[in-house]
Structures are given as structure tokens and as C-alpha cells.
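Okay, structure first, notes after.
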Amino acid sequence: MTAALAAARAAATMASGSSGLAAARLLSRAFLLQQNGIRHCSYTTSRKHLYVDRNTKIICQGFTGKQGTFHSQQALEYGTKLVGGTTPGKGGKTHLGLPVFNTVKEAKEQTGATASVIYVPPPFAVAAIDEAIEAEVSLVVCITEGIPQQDMVRVKHKLLRQGKTRLVGPNCPGVINPGECKIGIMPGHIHKKGRVGIVSRSGTLTYEAVHQTTQVGLGQSLCVGIGGDPFNGTDFTDCLEIFLNDPATEGIILIGEIGGNAEENAAEFLKQHNSGPKAKPVVSFIAGLTAPPGRRMGHAGAIIAGGKGGAKEKIAALQSAGVVVSMSPAQLGTTMYKEFEKRKML
């Protein structure tokens, strides 16, 4: 960056008057945009950390709190390799038979953990995310709802300028590889190891899709709840890349909702990367078809603003990418089954 600024100053010196200064500004601006592009691209390299399995070692931030205790116990009973947790001031103690540490850095060094799940109240959740990023934990899953959006803008800014840590959430149910690893608050018993990758902005609709794919005998390969906030760490495109490159994932369910442009971006990604005779079947449902403009519908990000973010536009974009859009969340499982049947994949 220093070299570019020096070159810009030199250009300004050589040129006379305002035109020289304008040239310098343009040169500096171009370099900064290029640098930002490089930095932003580095975050995409962390997509690979979304894949978790029985060997993934996890710590819990907010380990000894009520929510942390309950869901850590559930994770252990599911068979997840939870290796410890953090609660500032309680380092050196044990909880649920596992060690408690004061800091994430210490917990990572002592346990070899590569993932962290955060059950910390909203006022302190961003500090917990920042601590995990600074400790270079590969995967951070933040369950907390109600984090101020201004705080998440700062977190997003930090995330986009590094490539070591992948954030899922906040305000999400988490990530699960059925039968192997459960990071989050989803009910483990409805999941069954199988062939469908599920990504969703809605927690409860994720469970609906999971239950249905289990009932029709397809099961799930990996499920990721990306959360319903406007500024989150992982979007549809990140998960789609994992699903398209995963041999165990033969079909994909994408559950979106009104607000933002994540679904449109996903449609564009699918056009580029999931076309032709070997394309994987993708089924989708978009919540909020009858939602009035300007009113937030549950999630902070579920709002139609400025005439954009409506369900009809999202459905049209997905259909143009070859996605089969279900008009009812109750038909996701049967729709996917029919797609498998049509392609002779059963």
C-alpha cells in the first residue's frame, strides 16, 4: 500500500494543478479497491471449515452458563467431541467432566479444538466472536440472538479481512453432521445420516425439512442454519460450494425468506456451478410470500425495503437457475424425493 501511495504522490508531483491531484487520488483508490478485493476473497478460503465430522474438536464459549450447560450436555449425549469450554474467571475448574479455561486461546492450545460454539448473552457475544477470531479458531458458531447490527457490521469487516476463521450465525441453530457432530441447538433425534444437504435462514423450517427428508428415507449429509440476521458470517453461496463439492451430498434443500439478496446470489452461483447433466437437484422454499413491505417478519433481516427483497423476485431468480421451488414448507421432503425419482437416483 505504501508503494502505491508513493507512486500516487509522485504522479501528483509530476502533473500540475488539480489534474495531478485527481490522478493521484484515482491511483490510490484503484489500489485500495484491489487490496480490499484480495482481502475479501481470502474469507472464502475458510468455507472448507463448514464441514464437520466425528473428529471435529469443539469448545463452548459461555460453557458454565445455563444455555451453555444444557446444550453442551445435549451435544455430549449425541456423541459430539466437545473437549472443554471457556468462562472468564473460572479457569482451572471442571464442568460436565471437562476442563474450563479463562480464554479461547488457552482452550485451543490445551485441547487442540478447531471449532467453537457461542452461548453468550447479546451484550457480550461480539467480544466472544472477536476473541475466537483472534485465536484463529477455524469454525465459530454463534447461536446468540439479539446482537446489535452495528456490532455485527464491525465483526463482518474483521471477518472479510482474514481467512483463518469461518463464522456461522449469529441467531442461528448451528451446524450438524447427522450421527457424527452436533454444534448448536437443533434436536438431534430427528436427523438421519443420508444424501441431502440443507441450508436455511430459518431454524424451525430447517427442522421441518430435516424431519421430512428423514421420513421419505433420504436423510441428510450436512445441515447448516445460517441465521436470520442481515449481517451474518456465512450465506447460501458458502454452503452451496460445500454441498456441490461433497460426494455424500446428492441433493440440496435451500430455505430462504424475504429480505436481502442472499437467495438471488445463490441463484446466480447455481447457474454458474450447477448446470448440465450432472447438476444436483435443488429444492427451495421462500418464506414470506404474503408479507407486507416495510414490516419486519420475525428475523431482523426479514423485511422488504425499498421495493427489494420480496419473495416473488427470489422465487423467479431461483427458478431461472433450475431450482424446484415448493410453495409449501410441508412438501419439501416429497418434492426432493420426486426429483430423485425423476433422475433415477433412488
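Using N, Cα and C of the backbone, Cβ positions are placed for all residues, glycine too.
Note that the coordinates shown come from a computational prediction; the quantities given were computed from them, not determined experimentally.
For the CoA site that Swiss-Prot gives as THR64, GLY65, LYS66, GLN67, ILE143, THR144, GLU145, the extra residue drawn from LYS90, LYS108, LYS182 is LYS90.
If you draw a 10 Å sphere around the CB of LYS81 (N6-acetyllysine), it holds 18 other CB atoms from the protein chains shown. LYS66 (CoA binding site): 9 other CB atoms within 10 A of its CB, across all protein chains. Across the structure, LYS105 (N6-acetyllysine) and TYR207 (substrate binding site) place their CA atoms 33 angstrom apart.
Of all the recorded positions in the record (THR64, ILE143, LYS338), the one with the smallest CA separation from TYR207 (substrate binding site) is ILE143.
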